[in-house]
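The following features are taken from TrEMBL:
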type	residues	note
DOMAIN	1-381	domain 'Major facilitator superfamily (MFS) profile'
TRANSMEM	31-52	transmembrane segment
TRANSMEM	58-75	transmembrane segment
TRANSMEM	87-104	transmembrane segment
TRANSMEM	110-131	transmembrane segment
TRANSMEM	195-217	transmembrane segment
TRANSMEM	229-250	transmembrane segment
TRANSMEM	257-279	transmembrane segment
TRANSMEM	291-316	transmembrane segment
TRANSMEM	328-351	transmembrane segment
TRANSMEM	357-377	transmembrane segment
Amino acid sequence: MLLSFHSDLLSNVCFFIFWLPCALWKQTMGFSDIVCIIGWVIIVFSKAAWWLDLGRLLVGYGMGLLSYVVPVYIAEITPKNLRGGFTTVHQLMICIGVSMTYLIGAFLNWRILALIGTIPCLVQLIGLCFIPESPRWLAKTGKGIESEAALQRLRGADADISEEAAEIREYTETLERLSEGGILELFQRKYAHSLIVGVGLMVLQQFGGVNGIAFYASSIFISAGFSGSIGMIAMVVIQIPMTLLGVLLMDKSGRRPLLLVSAAGTCLGCLLAALSFLFQDLQQWIKATPFLALVGVLVYTGSFSLGMGGIPWVIMSEVFPINMKGSAGSLVTLVSWLGSWIISFTFNFLMKWSSTGTFFAFSAICSLTVLFVAKLVPETKGRTLEEIQASMNPFS
């Protein structure tokens with residue numbers, strides 16, 4: 001597992017520096033699929049440990065690429081009233097995929113599982129031949145005619161796209177006065193709000209403990225005196241419907257209310273788990289503490305799936321101007337993977353130090369997330385990407 005964390009981190013650093021800032025979204029997704037397929041094939045036919053290292057490095061590279069590009073592409077092609085729900089479907093599909101992998105992996109060996117991993121990559125690679133490039137990205141690269149054709153194809157042959165096309169064109173003309181932004185340019189004052197929101201949400205998402213709890217859920221349940229296998233099944237059962245509920249509510253309730261409820265729920269879940277271990281240490285309510293830990297982890301998982309799992313990626317895809325999306329996406333996604341690695345690597349050490357203290361710390365960070373969302377995160381529901389940029393990053 002430590003190898004996979006290092007592979008993801010290293011591969012994403014390389015990708016963010018050398019690929020994303022200059023790539024088209026479709027090209028990037030196609031490149032990612034090819035890299036993932038090569039990585040999975042190397043794993044399937046591995047004869048030595050270094051083959052597994054190389055395969056895992058390539059798969060981590062490709063998946064890190066997709067983790068940013070897919071939400072951004074979806075955000076740029078969907079109408080403003082459906083953008084949140086469509087972008088969150090990406091998280092739902094990840095949730096379903098992980099659950100299926102848990103299920104299938106219980107009956108198949110790792111080589112066959114790796115071979116199955118090539119199937120989604122092949123399906124997406126073929127599917128890319130039938131979808132248009134982002135109209136906003138085409139307009140940004142000076143392909144106005146292709147941009148309007150792509151927009152018409154996305155909205156339907158009979159749809160009136162004149163207003164939306166004009167808005168994209170006007171915004172693009174404004175951006176033409178600006179050069180393609182690099183990483184260092186992100187730290188200008190005019191991008192401060194977007195950067196704080198994008199990076200802040202990713203930091204709080206990861207340091208709220210999600211990957212530590214997800215990766216070590218079975219050992220958490222066993223430490224609390226509960227069945228690890230039953231606890232894992234319960235997590236999978238609650239995760240998918242809660243993610244689906246988040247998709248359905250995204251464009252009705254808005255991003256901020258869902259984030260506030262989700263963050264408050266993760267805070268409560270960690271608090272319940274912390275109390276379970278505290279009572280266990282104090283030798284109080286011994287029979288109830290395993291169930292309290294189960295409830296805590298399930299409340300955390302369900303609440304995270306409702307909003308904190310997907311909405312930060314939705315907002316991240318909305319708050320940066322198009323000339324900064326490559327560099328901003330590089331930085332924000334790198335921060336997310338780095339946070340994931342730190343929590344995953346340190347979780348066992350933290351639990352050995354103090355299970356109670358670990359979950360109290362996660363609960364405190366989740367409570368900080370509530371304050372962060374309430375004070376700094378804007379509501380983007382029902383607003384075009386251009387309207388969001390005008391309010392967050394006004395150009396002189």
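Backbone N, Cα and C atoms are what each Cβ position is placed from, and that goes for glycine too.
No curator has checked TrEMBL annotations; they are predicted automatically.
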Closest-packing stretch to the transmembrane segment (195-217), where packing means Cβ pairs under 8 Å, from 110-131, 291-316, 328-351: 328-351
The transmembrane segment (31-52) touching the transmembrane segment (328-351) per 3+ Cβ pairs under 8 Å rule: no
Most Cβ pairs under 8 Å with the transmembrane segment (357-377), selected from 58-75, 257-279, 291-316: 257-279
Cβ-Cβ under 8 Å with the transmembrane segment (257-279): same-chain residues at least 6 beyond its ends: 204, 208-209, 220, 223-224, 246, 249-250, 285-286, 288-290, 292-293, 295-304, 306-308, 311, 355-360, 362-363, 366-367, 369-370, 373-374, 377
Surrounding residues of the transmembrane segment (229-250) on its own chain - C-beta under 8 Å, 6+ positions past either end: 84-85, 87-89, 91-92, 95-96, 99, 102-103, 217-218, 220-221, 258, 262, 294, 297-298, 301-303, 305-307, 309-311, 314, 381
Closest-packing stretch to the transmembrane segment (291-316), where packing means Cβ pairs under 8 Å, from 31-52, 87-104, 110-131: 87-104
Spatial neighbours of the transmembrane segment (110-131) far in sequence, C-beta under 8 Å, 6+ residues away: 26, 29-30, 33-34, 36-37, 40-41, 43-44, 55, 59, 62, 97, 101, 104
Beyond the flanks of the transmembrane segment (31-52) by at least 6 residues, Cβ under 8 Å: 3, 19, 23, 58-63, 65-66, 69, 110-111, 114-115, 117-118, 121-122, 124-125, 128
